[in-house]
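Q: Questions regarding the structure given below will be posed in turn.
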Amino acid sequence: MDRHPRRWLILAVLCLSTLALVVDNAVLTVAIPPLTEDLGASTQDIQWIIDGYILVFAGLLLTAGSLSDRYGRRRVMIIGLVIFGAASLLATYAAGPGQLIAGRVLMGVGGALVMPSTLSILITVFDDAERRRAMSIWSAVLMVGVVGGPVVGGALISHFWWGSVFLINVPVVIVAVTAAIAWMPESRGPWRRADPLGAILSMAGLSALVWTVIALPQHGLAHPGTLVALAVAVIGLAGFVIWELRTPYPMVPLGLFRDRNFSGGSLSLMLVQVGNGGLLLALPQYLQFVLGYSPTQAGLALAPMALVVIVVNAVGATLGQKIGNRPLTVAGLIVLAAGFGLLATLSPGDGSAMVTTALVLFGAGGGLAQPAAIAALMGAVPHEHAGVGSALNDTVQQAGAALGVAVLGSVLAGGFTAAMPAAAPEAARHSIGDALAVAARTGDASLAGAARDAFTTGMSVSFAAGACGVLAAAVLALLVMRDRKASPARSGPAEEAAASTPPALSR
C-alpha cells in the first residue's frame, strides 16, 4: 500500500479525535462530586451517568465498524464526531440528571462511530514501513490522555464549573472535523449486503454482557436483574455467532478466529485489560484514601507510567519488525505481571516510591505487550474488513476492562469486608470511602486506620489475582501466537494485511 502524502497530518487528526474520547472519560471521575451536588443526582443517577456511555459504546462497536467499512470510514468518523460534540453540549448545560444521562448516552453513540474508524483509517494511509511508528505515536498520545485527563479535569473544575469538562470537547471536535474534511481521504471496503439481524444480535448481546459485568459486583449473580442480563447476553451472543456462521454476508468474518495470531492476540489483550481494569479501579483509591493524595496528585502520580510507555513504544516499534510480535508480547506480559506482583506487596506505610517503581514496570510491560498483541490481531484482518477488525480490537479491550473492574473489584471489595474488624459499624464495612466518612463523622481515628489497612489487604489480593491473569496471558501468547516471519509464504488479502502488523491503541 502506498503512503498518503498527508499521512502525518491525518495521524494528528486521528490522535486528536480519539484523544477527545479518552480524556472525556478520564475527567468525568473528577467531575462526579460537584455535579452530584449541583444537580441533586442520586447514587443510581451517577451510575447511569457513568455506565450509560459504556453500555452504548460497547454495544455499538461491531456495528459501527461494519458501517465504516460499508459507507466510508472518514464519513462515519465525522458523523461520530459531530454526534459526540453535540452530545457534549447537551451534557454541558444539563439542567438535571436525566438530561446529563441522555447526553452521555449520545456521547457513547458518537464514540462508537469514531473509535473503529480511526484505527482503520490509519491502516490505510500508512504503508508497512511506517505503520508501526505511527501506531506507537498514537498509543503514546492516548496514554498521555489517560494520565492527563484527571489533571485537566481538576484544573477545569477548580477554575470553572463541572460542565467545563464536557464543553472542552466542542472546540476539539470542530478542529478535528474541519481537518478531516480538508485532509483525510475516504476509504471503504467492497460493497456487501447489509446484515441487520447480526447488528441487532451483537448490540443486544454486547450491551447485556457489559450490564451483567457492571451489575455483578453490586447485586451478585443471584439478583434477578443480573440473571436476566446474563441470559440476554448469552442468547444474544450465541445467536450472533450462529447467524454469522450461516449467513452468506456476515457483518463480522468469524473465520478470523481460526488464525492463531488473531485468536491468541485477542485473548491475550482481554486478559491484559482485565488486569488494567483492576489497576485503574484500585490504585487511584489507594493513592487518595490511603496515601492522602488529591485527585490531581493521583493523576500526576501515574505520569511515570505514561512517560515509560512513550519511550518503550518507540523501542518496541523497531524491535517488532526485527524479532516479531510473539516475543515482545510474552516479554511485556511478564514485566506487567512483575508490576502487579510488586503492588501486591504494598502496605499503608510504603509511600509512593514502590508505587512509582511498579508503574514504571507497567509502562514498560504495556509498551511492549499491548502494541505487539494488537499488531498480531490486526495483521490477520483483510484490508476490506479494517473497520470491523478495529471494532473487534476495541470490543475485546472494552470487555476485558469491564471484566477486570467486575472480577478484581469484587475481589477487592470482598477482601476489604473480610479484613475489617468485626466491631466496625455496618455502614463502614462495604467500602473505604464509606468507612472514612463514618470515621470522620464520629472522630474515630482507629476506624480510619483499620479501613486503610483493610483496603490495602483487599487490594493486595486483587493485584495478586491480576498478576496471575497476566501470567496466564503470557503462557497463552507463547503457546498460541506465531511469528509471521517464521511462517510459510502465504497469499491473499488477510495475509497481505498480516505482513503489516500495526500496534494499537493503549487505553
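From the backbone N, Cα and C atoms, a Cβ is placed for every residue, glycine too.
In TrEMBL, annotation is done automatically, which means it is predicted and not curated.
Straight from TrEMBL, here's the annotation block:
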type     : residues : note
DOMAIN   : 10-485   : domain 'Major facilitator superfamily (MFS) profile'
TRANSMEM : 47-64    : transmembrane segment
TRANSMEM : 76-95    : transmembrane segment
TRANSMEM : 137-160  : transmembrane segment
TRANSMEM : 166-185  : transmembrane segment
TRANSMEM : 197-216  : transmembrane segment
TRANSMEM : 222-243  : transmembrane segment
TRANSMEM : 264-286  : transmembrane segment
TRANSMEM : 298-316  : transmembrane segment
TRANSMEM : 328-346  : transmembrane segment
TRANSMEM : 358-381  : transmembrane segment
TRANSMEM : 401-424  : transmembrane segment
TRANSMEM : 461-481  : transmembrane segment
REGION   : 485-507  : region 'Disordered'
COMPBIAS : 494-507  : compositional bias 'Low complexity'
Q: Output the single range from 166-185, 197-216, 358-381, 461-481 maximising the number of Cβ pairs under 8 Å to the transmembrane segment (264-286).
A: 461-481
Q: Are there three or more C-beta pairs under 8 angstroms joining the transmembrane segment (328-346) and the transmembrane segment (461-481), sequence spacing 6 or more?
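A: The transmembrane segment (328-346) and the transmembrane segment (461-481): touching, yes.
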Q: What residues in the same chain, six or more past the boundaries of the transmembrane segment (197-216), come closer than 8 Å to it by Cβ-Cβ distance?
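A: That would be 47, 51, 54-56, 58-63, 66, 223, 225-226, 229-230, 232-240, 243-244, 247, 250-252, 395, 398-399, 402-403, 405-406, 410.
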Q: Are there residues at least six beyond either end of the transmembrane segment (401-424) with Cβ under 8 Å to its Cβ atoms? List them, or say none.
A: 54, 58, 210, 213-214, 216-217, 270, 273-282, 430-432, 435, 447, 450-451, 453-455, 457-462, 465-466, 507
Q: May I ask for the residues of the chain that lie six or more residues beyond the transmembrane segment (166-185) and have a Cβ under 8 Å from a Cβ within it?
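A: Residues 4, 6, 9-10, 12-13, 16-17, 19-20, 23-24, 74, 77-78, 81-82, 84-85, 88-89, 91-92, 103, 121, 124-125, 152, 156.
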Q: For the transmembrane segment (47-64), could you work out the same-chain residues 6 or more beyond its ends whose Cβ comes under 8 Å from its Cβ atoms?
A: 25, 28, 32, 35, 41, 76, 80, 97, 100-101, 104-105, 107-109, 111-113, 115-117, 199, 202-204, 206-207, 209-211, 214, 251-252, 387-388, 391-392, 394-395, 398-399, 402
Q: Averaged over the domain 'Major facilitator superfamily (MFS) profile' (10-485), what pLDDT does the prediction give?
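A: That region's mean pLDDT is 83.
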